[in-house]
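Copied from TrEMBL, the annotated features are:
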- 29-173: domain 'Flavodoxin-like' (DOMAIN)
- 82-85, 120-129, Asp155: FMN binding site (BINDING)
- 206-445: domain 'FAD-binding FR-type' (DOMAIN)
- Arg353, Arg383, Gln384, Phe385, Ser386, Gly417, Val418, Cys419, Thr420, Trp589: FAD binding site (BINDING)
- Thr459, Ser514, Arg515, Val520, Arg521, Tyr522, Val523, Gln524, Asp551: NADP(+) binding site (BINDING)
Amino acid sequence: MLNLEELLREKLSIADIDYKPLSTSERQILILYGSQTGCAQDVAERISRQAKRRRFKTRIYSMDAYDRDNLINETLVIFVCSTTGQGDEPDNMKKFWKYLLRKNLPKDILNQMKFSVFGLGDSSYFKYNWPAKKLYKRLLTLGAQSILRRGNGDDQHYLGIDGGLDPWLEELWKVLMHMYPLPSAPSFRIEFIDRKLDQYDENLKRHDIYSNLTKNERVTSQDHFQDVRHMEFNINDSDFKYEPGDVCVIRPKNLSEEVDEFIKMMDWEEIADNAFVLVPNDDEDRKAPAHWDSILTLRKLFENYLDIFSTPRRSFFEFLSFFTTDENQTEKLREFCSAEGQDDLYAYNQRVRRTIVEVLQDFPSAKIQLEYILDMFPELQPRQFSISSSSKVHPGQIHLTVAIVQYKTRLQKPRRGVCTKWMSRLKPGECEIPVIITRGTMRLPSSISTPVIFIGPGTGVSVMRAFLEDRIYEGATENYLFFGCRNRDKDFYYKEQWNRYVNEGKLKLFVAFSRDQDNVRYVQHVLKENANLVYDILYNRGGRSDKMPDDVMEAFKSILISEGEMTNEQADRYMFMIERTKRYQQEVW
């Protein structure tokens, strides 16, 4: 059995090791990523690991975390960016992208840079991989030299992102190993310290806001298949404020009892509560995330920061193969990592949404070295929730409408969402939760006299509740809500509040209950049934399943055609115009 270092070397191609190696200081690569849910970050980290195996000194940052003033000095940069919303760049790329768009930048400012770009997206959307396309083009206009075609990862590929990533990576390393002819050490080493954790402030106030949970109430009937919660948080901060449409970001935790079971399975019980610090390995730029505590234990690390219940990415299997002592298990893991084994990996892993813990249970000979846990296990990703309240109506409070994710696959054990599983167990009055407020994508018109059509199927109505509360508080009465759910008596969220607004003459409510009659009836059907009204508001007065955004857009276009006697081309142009001028806005999760 080869050791880890030999296994890492073995994965290099013959072409890679035929060249005379250069010193690490001469072979540097910068990897910048824009990631909304962690997928692009995982790809960037995979590239980083592969670069280290080829003896590149690597640095990796989100684009907004990188010091942009140093960009003119970079000679080799790999960009990885995902797509969010309707072709938008991820949140942690926005400032970087705005910087690149500055008109005063010289056209040759990046002529020293060689680069490549890999984009992650979904080809079922019109603006497929839009940020990657724009970034690639902008870098060229600033003088940077592309060393490889732009790569496209597509969720619609039967292998997912890997279907485009694997061949692109193969080409990338072939190019780079010719440019810089020639396993690396783990990113961090763990140094145990002879001190008790309770001697230190475990929860330094690094977050902007701390909140106290005051309500965690189910708002769907007990016999409904989905558990949806209305949650309320009090904020003890006199300067705290937010706007309708803003987003609440929450960092989830793993349940303590499940982490206990995991630690026992990994045979780490004796050291689980020993304090340690993380020390970067031969890379001054590599740091633990800023919100992590400086002194940790294994138990705390896996409860608060590392994800063990998500579906592992291919890079996890690649790493795991280095630590199995059973040859049959090692061979199976290597097969999963090969191009020929992708169908088997999909059937074993993605199709049934197998978790990291379950994979480790299936490969019990794996004895993971502690130094590699930060390279193997992904970080728990923050979750974003549209705020469903107005700060004017509920000062010092945040309301959220949260669907508890639970579903079944071919495996017997039900799958549960990491974040909502944790949130569903939170008890009012017993927990303090750090939250971060970020700006949303939608904003209300400045005048309360402007009529507004709100379309919020399912839990998508949460952000519409915030908008409606704010407008009605200011005295607006031209409010039109189109809401859709399955059943009037099971998942009609905020029914009493909507009916009160209707009775007060402050809201016109249109509902679609898709399962209360023989024929399925959705929001777009109700829009078409009220074509005259919608056209009048849209044209004269100027004001989600995975296909819901497109279906709603088509419903509006059909109204323009039927009521405004427009051609299909004219309706397309008109919808494009009102979307560009922010008169038509979508928030899609």
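Each Cβ is built from the backbone N, Cα and C atoms, and glycine gets one as well.
Other C-beta atoms found within 10 angstroms of the C-beta of Arg353 (FAD binding site) number 15, with every protein chain shown included.
Looking only at Cα atoms, Phe126 (FMN binding site) sits nearest to Val523 among the binding-site residues Ser386, Thr420, Thr459, Arg515, Val523.
Between the CA atoms of Arg353 (FAD binding site) and Val523 (NADP(+) binding site) there is a gap of 31 Å, rounded to the nearest whole number. Of the listed binding-site residues Ser124, Gln384, the Cβ environment within 10 Å is emptiest of other Cβ atoms at Ser124. Cβ neighbour counts within 10 Å, taken over all protein chains shown, single out Ser82 as the most crowded of the binding-site residues Ser82, Thr84, Thr459.
In this structure, the binding-site residues under consideration are Arg515, Arg521, and the one with the smallest number of other Cβ atoms within 10 Å of its Cβ is Arg515. When the Cα of Val523 (NADP(+) binding site) is compared against those of the binding-site residues Leu120, Ser124, Tyr128, the shortest separation belongs to Ser124. Here Val418 (FAD binding site) comes close to Pro252, Asn254, Asp307, Phe309, Ser310, Leu380: these same-chain residues lie at least six apart in sequence, with C-beta atoms under 8 angstroms from its C-beta. The DSSP breakdown of the domain 'Flavodoxin-like' (29-173) into helical (H, G, I), extended (E, B) and coil residues amounts to 58 helix, 35 strand, 52 coil.
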